[in-house]
């Protein structure tokens, strides 16, 4: 009986020290959030537009980290899809869009604008400039075409317009493989 108390007395301090060490390590080396979701979120464009089907970029990043598709972000486009594929070691996929829509930007009819600033507050990328009770305008190069400024406008003076074709978003048609092969044969 005396040996049992001796064994308990010897093991109890060792167990308490080990438990305290594990408790300290759990607090000291705790990982905040999901590191993969944080890395994915850093690659997304942070427009918070909801075009991916999620209420913002962070929920979409968490969904990607949980296994959702990486090709649902129209503002990020192909460059974001390639970066996400490299990060997650996946194959890049084409952008998942219901139909290919031309790029659009918001346009404010300044004569109708009352300067309420609701569109400025709604814009996730600060592409709208103006001041209270003064007309507002859109910086077209900054606008992602997310449509978030349309809803809060009380006088409906904002519309989405297609951007004119220029070198920034011009798409050349892909050559057909047959044409390329025939050109090689003629050159040889």
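Sequential numbering from 1, following the chain as shown.
Backbone N, Cα and C define each Cβ position, glycine as well.
Quantities reported herein were computed from a predicted structural model and do not represent experimental measurements.
Marked as region 'Hydrophobic' by Swiss-Prot on the basis of sequence analysis: 1-26.
Among the features that Swiss-Prot reports, domain '4Fe-4S' is placed at 32-90, with the record citing sequence analysis.
Sequence annotations record features per position, and here Swiss-Prot assigns [4Fe-4S] cluster 1 binding site to 49, 52, 57, 73. Around the Cβ of residue 73 ([4Fe-4S] cluster 1 binding site), 24 further Cβ atoms fall within 10 Å across all displayed protein chains.
Taking Cβ pairs closer than 8 Å, the domain '4Fe-4S ferredoxin-type 1' (104-133) reaches residues 46-49, 139-140, 142-155, 157-163 in its own chain, all 6 or more past its ends. Annotation source Swiss-Prot lists domain '4Fe-4S ferredoxin-type 1' at 104-133.
Summarising the annotation, Swiss-Prot assigns [4Fe-4S] cluster 2 binding site to 113, 116, 119, 153 and lists sequence analysis as the type of evidence. Long-range Cβ contacts of residue 119 ([4Fe-4S] cluster 2 binding site) within its own chain (separation 6+, distance under 8 Å): 106, 108, 128, 136, 149, 152, 153, 158.
Counted within 10 Å of its Cβ, the other Cβ atoms near residue 149 ([4Fe-4S] cluster 3 binding site) come to 23, all protein chains included. When secondary structure is read from DSSP and collapsed to three states, residue 149 ([4Fe-4S] cluster 3 binding site) falls in the coil class. The [4Fe-4S] cluster 3 binding site annotation in Swiss-Prot covers 123, 143, 146, 149 and rests on sequence analysis.
The average pLDDT for the domain '4Fe-4S ferredoxin-type 2' (134-163) in the predicted structure is 89. What Swiss-Prot records for 134-163 is domain '4Fe-4S ferredoxin-type 2'.
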Need the DSSP three-state call for residue 143 ([4Fe-4S] cluster 3 binding site) to compare against my parser. coil
Look up residue 113 ([4Fe-4S] cluster 2 binding site) in the DSSP assignment and reduce it to helix, strand or coil. coil
Non-site residues, in chain order, whose CB comes within 8 A of the mean position of the CB atoms of 49, 52, 57, 73 at [4Fe-4S] cluster 1: 44, 45, 47, 48, 50, 51, 54, 56, 60, 72, 74, 75, 76
